Amino acid sequence: MATPKLLLCFVLQLIFLLFVLHHPANAQGLKVGFYENTCPKVEHIVKEITYQTFSVAPTLASPLMRMHFHDCFVRGCEGSVLLNSPTNQSEKFAIPNLSLRGFQIIDKIKTALEKECPGVVSCADILAIAARDAVVALQGPFWEVETGRRDGRVSNITEALFNLIPPFANITVLKSSFASRGLSVKDLAVLSGGHTIGNSHCNAFTNRLYNFTGKGDTDPTLDSEYIAKLKKKCAPTDITTLVEMDPGSFKTFDVHYFTLVSKRRGLFQSDAALLDDSETKSYVLSHTTDAGRASFFKDFGVSMVNMGRIGVLTGSAGEIRKVCTKVN
């Protein structure tokens, strides 16, 4: 019979193994300039195509950034959100992903890269680079993107439903979700700032306007004047109307989102929840003016790199897809 000391040793080894397998720090194959010798034009090609797209369709910048988030939070940053399914059972068909747009841009980039350097650049890396370029295109920060990810072969609609953070998440759920992926509370506050660009469908927040507790009431954490404005745009059953997440500034990457949250005008419950924790609240309140722009921009780049390390496949794991929508 095993002694208590041996059992303890076994348990500790198991915990360590699980930590190594699932913690994003296990991204030891990633580095800036991974394709320097094998496909030196990769970032130029991604930038050229994304900028061409944004010049005629600037509203696609936000969905492209969001696509990287949605990829990383399900199975890690390995391109599974891009895969199609003949039975519509892959991640992109999950309800939280139905509003994603810009898949054709990723396909266009992949086609160009396959022509330039066949079988070299992963779809997961394309997503990471395109997300950065989308932010820059909307006057946001530039950061060096680590590359070297490989593509996964599995994409499951159920995993997307259970792993993507819902807009009604409270601070406990938010902190737990980020922590389970090796991200800090600061990362949570910083990456929430990504809501400074883009739109949302009404049904992501109408419960706050009409039936918050099931009694036909409104969310007391949402500014009453803002509620009145939102009700003019969104009927209780509206699932098609788009509303700016950062009114008046949704096409510019800036710190205005934090000003809105501080005034109880964050669109989602997950935005309002940032005021329910001392650390996230402190970050919000210290970035409500343009004086906080430089530090937010620097922090956002750091947190995006941190997020880009979640669950990556490197080395001989996974594959380099020839077409981003299907496994080889």
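For all residues, glycine too, the Cβ spot is worked out from N, Cα and C.
What TrEMBL annotates here:
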- His195: heme b binding site (BINDING)
- Thr196, Asp246, Asp254: Ca(2+) 2 binding site (BINDING)
- Cys39-Cys117: disulfide bond (DISULFID)
- Cys72-Cys77: disulfide bond (DISULFID)
- Cys123-Cys324: disulfide bond (DISULFID)
- Cys202-Cys234: disulfide bond (DISULFID)
- 1-27: signal peptide (SIGNAL)
Using the centroid of the Cβ atoms of Thr196, Asp246, Asp254 as reference, list every other same-chain residue with Cβ within 8 Å of it (recorded Ca(2+) 2 site), in sequence order.
Gly193, His195, Ile197, Ser249, Phe250, Thr252, Phe253, Val255, His256, Tyr257
For Thr196 (Ca(2+) 2 binding site), which residues in the same chain are close in space, meaning a Cβ under 8 Å from its Cβ, but six or more apart along the sequence?
Met245, Asp246, Ser249, Phe250, Thr252, Phe253, Asp254, Val255, His256, Tyr257
Rank aside, I only need the closest one: which of the recorded positions Cys117, Cys123, His195, Cys234, Cys324 has its C-alpha nearest to that of Cys77 (disulfide bond)?
Cys123
List the residues of the same chain that sit at least 6 positions away from Cys117 (disulfide bond) in sequence and have their Cβ under 8 Å from its Cβ, in sequence order, or write 'none'.
Tyr35, Thr38, Cys39, Lys41, Val42
In sequence order, which same-chain residues at least six apart have a C-beta under 8 angstroms from Cys123 (disulfide bond)?
Gly79, Leu82, Ile106, Lys110, Asp151, Arg321, Cys324
Give me the long-range Cβ neighbours of the residue listed as 'heme b binding site': same chain, 6+ apart, Cβ under 8 Å, in sequence order.
Met245, Asp246, Tyr257, Gly266, Leu267, Phe268, Asp271
Out of Cys72, Cys77, Cys202, Cys234, which of the disulfide-bonded residues has the smallest number of neighbouring Cβ atoms within 10 Å?
Cys202
Cβ atoms near Cys324 (disulfide bond) (within 10 Å, other residues, all chains):
22
Surrounding CB atoms that lie within 10 Å of the CB of Cys39 (disulfide bond), all protein chains:
19
Which of Asp246, Asp254, the listed binding-site residues, has fewest other Cβ atoms within 10 Å:
Asp254
What Cα-Cα separation, expressed in whole Å, is found between Cys202 (disulfide bond) and Cys72 (disulfide bond)?
25
